[in-house]
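K.L.:
Sharing a structure here in structure tokens format.
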Amino acid sequence: MKEMINVVAVGTGGFVGAASRYFISTLVNKLNTSGFPIATLIINILGSFLIGLLTQLLMSLCPDNKKLNLFLTTGILGGFTTFSTFSLETVNLFQGGKAVFGVVNIVLSIAFCLTGVVLGKMLAKTIASM
């Protein structure tokens, strides 16, 4: 029964995260005419920041709440961020003759997503120490 509750927590969070990703992607893609996959980049940077922030806060404030951790990180942020879409869009850029965009997407994604995690963890440590 305990595992089923964990599965429900992850599944519910996954729904929230995936629906949020869809909403943001749709909104950003209506505004983006460049051909660069900015929506996925924004989502992955935001998700990276939030996973750094939330994991650090959860570790500091409620380390024993596994269900909340599963719901927020594995569920919501797992459903929100998307490495597979990043990969597909990058391959499509290369195959579509936009190699420069492909390289830029790789560099920006890695640099900003890692930076997002670090900044999120730093902010969480500051919040937790207040």
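Residue numbers in this text run from 1 along the chain shown.
Glycine too: its Cβ is placed from the backbone N, Cα and C atoms.
Got these off Swiss-Prot a minute ago, pasting:
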- G78, T81: Na(+) binding site (BINDING)
- 4-24: transmembrane segment (TRANSMEM)
- 35-55: transmembrane segment (TRANSMEM)
- 68-88: transmembrane segment (TRANSMEM)
- 99-119: transmembrane segment (TRANSMEM)
K.L.:
Given a separation of at least six residues and a C-beta threshold under 8 Å, show me what packs close to T81 (Na(+) binding site) in the same chain.
P.N.:
G17, R21, I43, N44, G47, S48, I51
K.L.:
By Cβ distance under 8 Å, which residues at least 6 away from the ends of the transmembrane segment (4-24) in the same chain are close to it?
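P.N.:
Beyond its ends, the transmembrane segment (4-24) has Cβ neighbours at 39, 42-43, 66-68, 70-72, 74-82.
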K.L.:
Around the C-beta of G78 (Na(+) binding site), how many further C-beta atoms are within 10 angstroms, looking at every protein chain?
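P.N.:
Total other Cβ atoms inside 10 Å, all chains included: 18.
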